[in-house]
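Undergrad: I have a structure I would like to understand better, so I am pasting it below and will then ask my questions one at a time.
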Amino acid sequence: MATNFTFSMLLSWRSLFPHAAVSRKRTLSSVPAGALSFVPVSDSINSVALERLRDFVSRSSRLFVITGAGLSTESGIPDYRSEGVGLYARTDRRPMQHAEFVRSAKSRQRYWARNYVGWPQFSSHQPNTAHRTLREWEESGKVHWLVTQNVDALHSKAGHQRLTELHGCAHRVVCLGCESVTARAELQKRFTELNPGWEASAGGVAPDGDVFLEDEQVLHFRVPSCQACGGILKPEVTFFGDTVKKSTVQFVHDRLAESDAVLVAGSSLQVYSGYRFLLAASERGIPVAILNIGTTRADHLAELKVSARCGEVLPLVLPH
Ligand SMILES: [Zn+2]
């Protein structure tokens, strides 16, 4: 009976994530149950590459780190782009476009309804070994600045201070009218008050907190506006089609210019807003190392590439 149960669980897991290898031997002890299905298959760590990465990080005294979705998959947050297990591979859903959000009240209703349902799960994710290790590096003075493309607040939950959230943070809400910023957790209370009895069940949760709902469920969902000015509320997140503030970009360029090495962790750098800092590092002659499963847009700019899980490799890089 127990065997049959295990077998059927395995079957359904395989059918949900057909490209994820279940038989591959991996060190899984640091990964919480349920998170694994979002972690792409990695090669076993190449010891020569690991030794070179240790040397690279040891030599740096002002390390600039740039992180992406690959860092958070080990906390159970799915990645848009990873081969086989990313949302692009598993569903036909696409992330919200900025212009559509601003233009269409219906799109905002749909977005917030899904976001409301996904929030309890999305906001409960915790930092993993990779976040904690980078935080230790910051405390010891190794990290000069850390830039993340993630909007999940896991670096700030881990305690990072020297941090720029390049694409904003889903834990904050901004008013498009008066630009006041409020806590997403507060908005959740307002949603609940405005929508008594509104019930829906969540499917998969996307990196921006999005979930899957039927049109019928969305139709009756009420969306509050800014309490100060009545303006449109939007997550303080850079949607696709929007751009990062010039002042933020300049700030990050300045921190990069003060750094002596760049480490990319868990990003394929497909989005230009992150990739441009690798171009800038290359122009300045700052050496680059990349730790990511799969190819990245900046592989040709790196002197060192390690293809493995961040949570597996980062704790091995520096002595504790
Ligand atoms: Zn306002």
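The backbone N, Cα and C atoms fix where each Cβ goes, glycine too.
Note that the structure is predicted; figures quoted are calculated from it, not measured.
Features from TrEMBL:
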ACT_SITE  His167  active site, proton acceptor
BINDING   68-88, 149-152, 266-268, 292-294, Cys310  NAD(+) binding site
BINDING   Cys175, Cys178, Cys226, Cys229  Zn(2+) binding site
DOMAIN    43-320  domain 'Deacetylase sirtuin-type'
Undergrad: For the domain 'Deacetylase sirtuin-type' (43-320), what's the model's average pLDDT?
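TA: Summing pLDDT over the domain 'Deacetylase sirtuin-type' (43-320) and dividing by its length gives 89.
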Undergrad: Count the other Cβ atoms sitting within 10 Å of the Cβ of Cys178 (Zn(2+) binding site), across every protein chain shown.
TA: 11
Undergrad: Ten-angstrom check, please: count other Cβ atoms within 10 Å of the Cβ of Ser72 (NAD(+) binding site), all chains counted.
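TA: Taking every protein chain into account, the count is 28.
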Undergrad: With a radius of 8 angstroms around the mean position of the C-beta atoms of Cys175, Cys178, Cys226, Cys229, what other residues of the same chain does the Zn(2+) site pick up?
TA: Leu176, Gly177, Glu179, Ser180, Ser225, Gln227, Ala228, Gly230, Gly231
Undergrad: Restricting the comparison to the binding-site residues Cys175, Cys178, Cys229, which residue's C-alpha is spatially nearest the C-alpha of Asn292 (NAD(+) binding site)?
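TA: The smallest Cα gap between Asn292 (NAD(+) binding site) and any of the binding-site residues is with Cys175.
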Undergrad: Going by Cα-Cα distance, which of the recorded positions (His167, Cys175, Cys178, Cys226, Cys229) sits nearest to Ser72 (NAD(+) binding site)?
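TA: Of all the candidates listed, His167 is nearest in space.
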Undergrad: Do you know which of the binding-site residues Ser72, Gly76, Cys175, Cys178, Cys226, Cys229 end up with C-beta under 6 Å from ligand 1?
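TA: By the Cβ criterion, which requires under 6 Å to ligand 1, the hits are Cys175, Cys178, Cys226, Cys229.
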Undergrad: Kindly assign Ser72 (NAD(+) binding site) to one of the three DSSP-derived states: helix, strand or coil.
TA: helix
